[in-house]
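Trainee: I am attaching a structure below and will ask some questions about it afterwards.
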Amino acid sequence: MDLTQQAGDIENKRVEETNKDNSESIECSKITMDLKFNNSRKYISITVPSKTQTMSPHIKSIDDIVVLGMNLSKFNKLTQFFICVAGVFVFYLIYGYLQELIFSVEGFKSYGWYLTLVQFAFYSIFGLIELQLIQDKRRRIPGKTYMIIAFLTVGTMGLSNTSLGYLNYPTQVIFKCCKLIPVMLGGVFIQGKRYNVADVSAAICMSLGLIWFTLADSTIAPNFNLTGVVLISLALCADAVIGNVQEKAMKLHNASNSEMVLYSYSIGFVYILLGLTCTSGLGPAVTFCAKNPIRTYGYAFLFSLTGYFGISFVLALIKIFGALIAVTVTTGRKAMTIVLSFIFFAKPFTFQYVWSGFLVVLGIFLNVYSKNMDKVRLPSLYDLINKSVEARKSRTLAQTV
């Protein structure tokens with residue numbers, strides 16, 4: 001009896017100690033496991049960091065949304081929206097104006113790759129400065145991934161800048177609006193995807209709009225060149241691929257925007273520098289820009305700065321309100337850019353630009369709608385007829401009363 005009682009007391013005491021240890025471990029965010037080996041107790045303590053601490057180099061929780069040192073989380077949703085929209089429109093409209101202004105400098109059109117080199121240098125500096133303001137400065141994405149992203153970024157921006165030597169700026173912007181076309185073609189031929197009616201209709205509208213706009217440009221634009229169409233089309237394909245690669249890498253490794261900008265653009269800078277050196281294109285570009293430093297390097301600095309600020313607001317817009325609102329805002333910005341291009345820079349105009357532009361905008365709307373069918377439901381023809389009949393009945397009843 002004494003041994004039984006003593007064994008029971010020991011067991012109860014053990015349970016009480018275990019419960020006490022568990023309660024203490026919950027308070028201090030620790031997990032304690034009780035393991036019994038040869039009638040002796042051993043404890044293994046595993047520390048779990050709190051929510052505000054970094055759990056690993058690849059896991060980080062960020063609640064605040066900071067853009068250019070301004071914490072948008074302190075404002076309400078409506079104020080956040082207006083701040084983001086204002087930032088997108090102001091910085092990107094200046095960006096587009098400066099880009100066209102640089103290529104309006106006589107003799108500069110053949111130096112599109114050198115402009116991209118300068119732009120990458122400024123972006124790398126801006127990314128390095130912003131990264132210094134962040135507590136966690138570790139690189140999270142592997143170097144091989146950054147080499148791929150840098151190559152695609154060089155293709156996107158380099159080919160896009162070079163195409164302006166052969167195309168009007170509005171034509172370039174219209175092409176950049178139609179990223180869906182290479183994305184769908186790649187999905188069909190590479191991944192065997194199938195798309196719904198809305199996506200196919202969007203691609204058809206964009207294709208017809210592009211063809212119509214290009215034909216109008218080739219008819220009235222004195223500097224139209226088919227080489228520009230090829231360059232901007234290749235840039236569009238690279239842009240369609242880079243979005244998927246960047247999104248996958250940032251989600252997998254939880255990297256910051258400043259890290260992505262710093263490493264992708266600095267590696268891309270090395271790519272372009274090697275390319276220009278091997279093709280003997282660096283010397284003439286440096287000589288030309290040295291003769292006009294303000295109109296070349298000065299404009300390029302402002303051009304890069306506004307582009308860097310603009311993308312920060314676009315990313316904040318996506319994070320807060322989602323892709324649907326972001327695409328709507330950026331599409332409006334591109335339309336405004338085209339209008340301002342015709343206002344500030346003299347160029348031929350035809351109403352074919354307007355109708356073909358409407359087709360492209362319709363394609364963008366159909367594409368956005370197809371991705372958000374569960375959120376945006378358009379009324380069917382049957383619903384519209386029923387509402388019309390009910391409205392007539394209510395008017396008749398009101399007149400009777």
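Cβ atoms are placed via backbone N, Cα and C, with glycine included.
Just so you know, TrEMBL annotations never went through curation; they're auto-generated.
As annotated in TrEMBL:
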{"type": "COMPBIAS", "residues": "10-21", "note": "compositional bias 'Basic and acidic residues'"}
{"type": "REGION", "residues": "1-21", "note": "region 'Disordered'"}
{"type": "TRANSMEM", "residues": "78-98", "note": "transmembrane segment"}
{"type": "TRANSMEM", "residues": "110-134", "note": "transmembrane segment"}
{"type": "TRANSMEM", "residues": "146-167", "note": "transmembrane segment"}
{"type": "TRANSMEM", "residues": "173-190", "note": "transmembrane segment"}
{"type": "TRANSMEM", "residues": "197-215", "note": "transmembrane segment"}
{"type": "TRANSMEM", "residues": "221-242", "note": "transmembrane segment"}
{"type": "TRANSMEM", "residues": "262-285", "note": "transmembrane segment"}
{"type": "TRANSMEM", "residues": "297-317", "note": "transmembrane segment"}
{"type": "TRANSMEM", "residues": "324-346", "note": "transmembrane segment"}
{"type": "TRANSMEM", "residues": "352-369", "note": "transmembrane segment"}
Trainee: Would you say the transmembrane segment (262-285) and the transmembrane segment (297-317) are in contact under the rule of three or more C-beta pairs closer than 8 Å, pairs 6 or more apart in sequence?
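Mentor: With fewer than 3 qualifying Cβ pairs, these stretches do not touch.
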Trainee: Six or more residues out from either end of the transmembrane segment (197-215), which same-chain residues have a Cβ under 8 Å from its Cβ atoms?
Mentor: 171, 174-175, 177-178, 180-181, 184, 229, 352-353, 355-360, 362-367, 369-370, 373
Trainee: Kindly say whether the transmembrane segment (221-242) and the transmembrane segment (78-98) touch, using the definition of 3 or more Cβ pairs under 8 Å where each pair is 6 or more positions apart.
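Mentor: Touching, no - the transmembrane segment (221-242) and the transmembrane segment (78-98) miss the threshold of 3 or more Cβ pairs under 8 Å.
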Trainee: Mind pulling out the one from 78-98, 146-167, 352-369 with the most Cβ pairs under 8 angstroms to the transmembrane segment (173-190)?
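Mentor: So the stretch in question is 352-369.
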Trainee: Counting only residues 6+ away from its ends, which parts of the chain sit with a Cβ under 8 Å from the transmembrane segment (146-167)?
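Mentor: The answer is 99-100, 103, 109-110, 112-113, 115-116, 119-120, 176, 217, 221, 223-225, 227-229, 231-232, 234-235, 238-239, 241-242, 245-246, 249, 260, 263-268, 271-272.
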Trainee: State the residues, same chain only, that lie 6 or more residues beyond the ends of the transmembrane segment (324-346) and have a CB under 8 A from a CB inside it; answer 'none' if no residue qualifies.
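Mentor: Residues 81, 84-85, 88-89, 92-93, 96-97, 100, 104, 168-170, 173-174, 176-177, 314, 317-318, 353, 357, 361, 364, 368, 371-372, 375-376 contact the transmembrane segment (324-346) from elsewhere in the chain.
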